[in-house]
Amino acid sequence: MTILGMCRPFRDTWDRASERCFRCFPCLSDPARRSSLGLKVALVILHLIYVGVLFLFDNDLIEKTKKEPWYTTIYLLLFVATVAQYFFTSGSSPGYVLDAMRAANETDAIFRKASTTSKQPASSKNGNYVITVDGSQSGKNPLGSNATSWTKLVMDMYPPGSSVRTWTCTYCNVLQPPRAKHCHDCDKCVLQFDHHCVWLGTCIGQGNHCRFWWYICEETALCLWTGILYISYLKANISRAWWMDAIMIVLLVTLSISLIFLLLLLLFHSYLVATNQTTFELVRRRRIPYLRGIPERVYPFSKGVCTNLYEFCFARSSIYRMEPLPSAQELEIKSRPYTCLDVLTCRCC
């Protein structure tokens, strides 16, 4: 009891300090956000340790910086760009179905008003419904104001005779377009759901998959360059201070493990981009209803490598791109093996 009585003032002081901190920073009141913020801070500190130890121990690198400042400048720019890309990706939206639904309702209302004067119907391009979101008008109309437009838009992407209940999310009660999935961590349905990244604290989907790929690419390049600098230091200074060498070797081993993981992750997502797939579709292919009867070597949403890369890299973030399920005729064409004539006519592209 005496020990508890002595600790009680410190506990009360800690509680008051925590309440003041939560008032100044409301985002910290959520335990999930606190853990995500702690992970981001730890990741930045880890980057600073790897780079700081290198500049602290390696005198040859400092001398090289004085003679060739461009070399170190490019390295530090890559370091800053990688950290910035990490925060940029973690703060980006993966493309939620609710936002696309709101955009569809607002777009339909705008076209209805415009049709009374110009009589120009909403258009679709190459089978992909294009919904442009105007930031100044987003969120003005409630979701239920024109739910039938979203239902018609989504059901047109499924085969005739499909039931609305089959494609309605059981958690948020929203009609999901093809390739969408409910994320239990975010508690929202995500367009072209890939996976929920714990390191970023957000889902990876249609809206930020490209940014995620660029982050992996930059992180891999930074990790590789840092590993080369570590190896160069050990070759030149292996017989000096043993404790410095031990620290560098331990850091180099962990860096090598991270590099292997990043390289495999980069190759894996590059393959997904080239074939227009997601991690969820690849791993759970047999459990997804619209992919069960399709052979594993057939990529139903692929439009060719070049077109897939173009849409992945240059698709505007203000457009929700929803792809309808391919017809049986299209699947039959995609299942045919490639011939020399197909290569000459760039069918694979």
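Quick reminder: no glycine exception, Cβ is built from N, Cα and C everywhere.
No curator has checked TrEMBL annotations; they are predicted automatically.
Because the structure is a prediction, the values reported are computed rather than measured.
The transmembrane segment annotation in TrEMBL covers 37-57, 69-88, 212-234, 246-268. Per TrEMBL, the feature domain 'Palmitoyltransferase DHHC' maps to 168-284.
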Spatial neighbours of the transmembrane segment (246-268) far in sequence, C-beta under 8 Å, 6+ residues away: 49-50, 53, 57, 213, 216-217, 219-220, 223-224, 226-227, 230-231, 233-234, 279
Secondary structure tally of the domain 'Palmitoyltransferase DHHC' (168-284) (DSSP, helix then strand then coil): 68 helix, 14 strand, 35 coil
Integer mean pLDDT for the domain 'Palmitoyltransferase DHHC' (168-284): 91
